[in-house]
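Okay, structure first, notes after.
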Amino acid sequence: MRKPTSSLTRRSVLGAGLGLGGALALGSTTASAASAGTTPSENPAAVRRLRALEREHQARIGVFALNLATGASLLHRAHELFPMCSVFKTLAAAAVLRDLDHDGSQLARVIRYTEADVTKSGHAPVTKDHIDTGMTIRDLCDATIRYSDNCAANLLLRELGGPTAVTRFCRSLGDPVTRLDRWEPELNSGEPDRRTDTTSPYAIARTYQRLVLGNALNRPDRALLTDWLLRNTTTLTTFRTGLPKGWTVADKSGGGDTYGTRNEAAIAWTPDGAPVLLTALTHKPSLPTAPGDTPLIIKLATVLSEAVAPA
């Protein structure tokens with residue numbers, strides 16, 4: 001839904017109910033074209049840029065971008081599988097909101113954990129400071145999405161019944177592809193040809209769309225999840241820097257220390273309020289010691305935004 005204002009803020013996005021009715025209607029009108037896929041001939045310049053980046057970075061790149069206001073789209077390896085990494089954390093928090101917090105009381109429940117939980121998670125910027133007191137489920141969700149805290153994510157998975165609960169959650173949303181099998185940090189291993197802990201650019205983009213712009217969650221839970229994504233801290237100097245100024249972004253990143261895995265899944269709004277799906281998944285199957293390629297993700301943000309929402 002296009003809004004009359006010239007720019008959007010986090011408050012206006014949330015206060016307007018995320019543009020749900022218009023965005024979803026626009027999504028339905030463009031769904032047939034997007035699901036059919038964009039062939040290279042439909043956007044040859046953008047596809048050439050993606051292929052050049054694959055050669056330059058020795059990476060396999062999968063993208064799905066869709067402007068829900070205009071129908072402009074860009075797909076490249078959009079239905080191929082890629083390691084998911086921390087992009088799953090949005091799904092875990094959403095599953096907690098829908099399946100555990102039926103009456104609103106569970107978010108205030110305190111979860112206790114140990115120093116061993118923190119240590120084995122490999123990345124615990126928030127949970128490491130609350131071992132003595134524990135953390136509420138609400139704060140664990142916040143830490144999971146906004147700081148990509150692995151320990152917090154594992155604790156949410158434990159409450160849900162394990163990683164496969166995320167797979168079941170995705171299936172309930174109509175996503176037949178996305179799956180989670182392991183815990184943090186093992187799920188980030190990124191071995192080539194492994195189907196576990198994977199998604200495709202198209203599948204994860206559509207699932208994020210259902211959660212943020214659709215009716216997969218009730219309105220209060222949808223607003224809460226979107227607020228966490230809007231205030232995400234892990235992409236402020238990465239994916240978001242490659243987008244045009246004035247865009248409002250709700251997103252989650254992911255990555256690993258092997259096979260060059262670096263991912264991004266986002267819902268963005270242009271300054272005039274057009275909702276845009278942006279997903280970029282990257283993987284370097286031939287480079288087992290390669291860290292995640294942040295410069296590549298920044299470049300992909302620019303390619304995707306210019307392809308589907310040119311200035």
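Residue positions begin at 1 at the first shown residue.
Every residue gets a Cβ built from N, Cα and C, even glycine.
Per Swiss-Prot, the features are:
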- 1-36: signal peptide (SIGNAL)
- Ser86: active site, acyl-ester intermediate (ACT_SITE)
- Lys252, Ser253, Gly254: substrate binding site (BINDING)
Other than Lys252, Ser253, Gly254 themselves, what residues in this chain have Cβ atoms within 8 Å of the centroid of the substrate site's Cβ atoms?
Cys85, Ser86, Val87, Lys89, Thr90, Ser148, Thr234, Thr235, Asp251, Gly255, Asn263, Glu264, Ala265
I'd like the Cβ neighbour count for Ser253 (substrate binding site), meaning other Cβ atoms within 10 Å of its Cβ, all protein chains included.
24
For Lys252 (substrate binding site), what is the secondary structure state per DSSP, taken as helix, strand or coil?
strand
Rounded to a whole number of Å, the separation of the Cα atoms of Gly254 (substrate binding site) and the residue listed as 'active site, acyl-ester intermediate' comes to 4
Rounded to a whole number, how many Å is the Cα of Ser86 (active site, acyl-ester intermediate) away from the Cα of Ser253 (substrate binding site)?
6
Have a look around Ser86 (active site, acyl-ester intermediate) and count the other CB atoms within 10 A of its CB, chains all included.
26
Neighbourhood of Lys252 (substrate binding site) by C-beta distance under 8 A, where only residues 6 or more apart in the same chain count:
Ser86, Val87, Lys89, Thr90, Ile145, Ser148, Leu229, Asn232, Thr234, Thr235, Glu264, Ala265, Ala266
